[in-house]
Amino acid sequence: MIRIIFLGPPGSGKGTQAHLIANKYNIPNISTGTMLRQALTRSTHKSYELHKNIMHTGDLVNDEFMVQLISTRINQNDCRNGFLLDGFPRTILQAKSMKQCKIFVNYIIEFFASDSVIIDRIAGRRIHVGSGRTYHIKFNPPRNYGLDDITGEILTTRKDDHEEAIRKRLSNYYQHTEPVLDYYREESKYKKMKYFSVDGNRDISKIYKELINIISS
């Protein structure tokens with residue numbers, strides 16, 4: 001059973017690799033960002049509207065909301081043989097709540113990249129909302145401009161993919177999520193999971209090859 005967490009700042013390459021690895025090992029790719037955007041699009045409840053506004057400014061959605069969302073998803077049947085969590089947990093409380101909920105993983109993989117690379121990547125990013133598939137107009141373009149490779153549906157730009165929100169998200173990541181990396185480095189010393197750091201500044205194919213080697217080792 002393969003249970004993986006991908007952590008890293010937005011634009012570090014983890015989203016692209018999450019789709020590739022999930023397809024390779026036939027496990028669900030659980031992207032918190034995609035799940036939130038889908039949930040917020042479907043709902044008119046006031047609490048969802050609040051979280052929608054939080055996302056668009058680059059702030060973090062509260063821990064209780066996120067843990068409930070992820071716990072519900074992981075308990076679905078398609079996760080029995082494994083899963084890949086893309087971008088969760090984002091805070092120490094979320095990480096500890098996972099442990100309390102008996103959600104355990106085999107691999108923690110940290111992606112890192114420079115801020116300049118991240119901003120360049122995100123500015124050109126295009127998203128297929130229905131699946132969460134991610135493209136880039138320069139580095140990873142779709143076969144047909146502006147259209148998803150699988151469905152042919154129109155790709156969109158996220159509302160929080162502007163520079164001010166990007167910098168806010170990076171600030172939140174360094175403040176809240178980097179301590180999570182320290183937490184998992186310590187946890188990995190007990191040999192219940194493996195922790196790896198991956199250079200996300202490189203080409204997609206090179207990163208993918210390294211990930212396959214890590215998971216196969």
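In case you wondered, yes, glycine gets a Cβ from its N, Cα and C as well.
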Per Swiss-Prot: ATP is bound by GLY11, SER12, GLY13, LYS14, GLY15, THR16, THR134, TYR135, ARG202, and from ARG3, ARG125, ARG143 the site also lists ARG125
Starting from the Cα of ARG125 (ATP binding site), work out which of the binding-site residues (THR32, ARG90, ARG158) are within 10 Å. ARG158
Across the region 'NMP' (31-61), what is the average pLDDT of the model, as a whole number? 59
At the level of the C-alpha atoms, what whole-angstrom distance separates TYR135 (ATP binding site) and ARG90 (AMP binding site)? 23
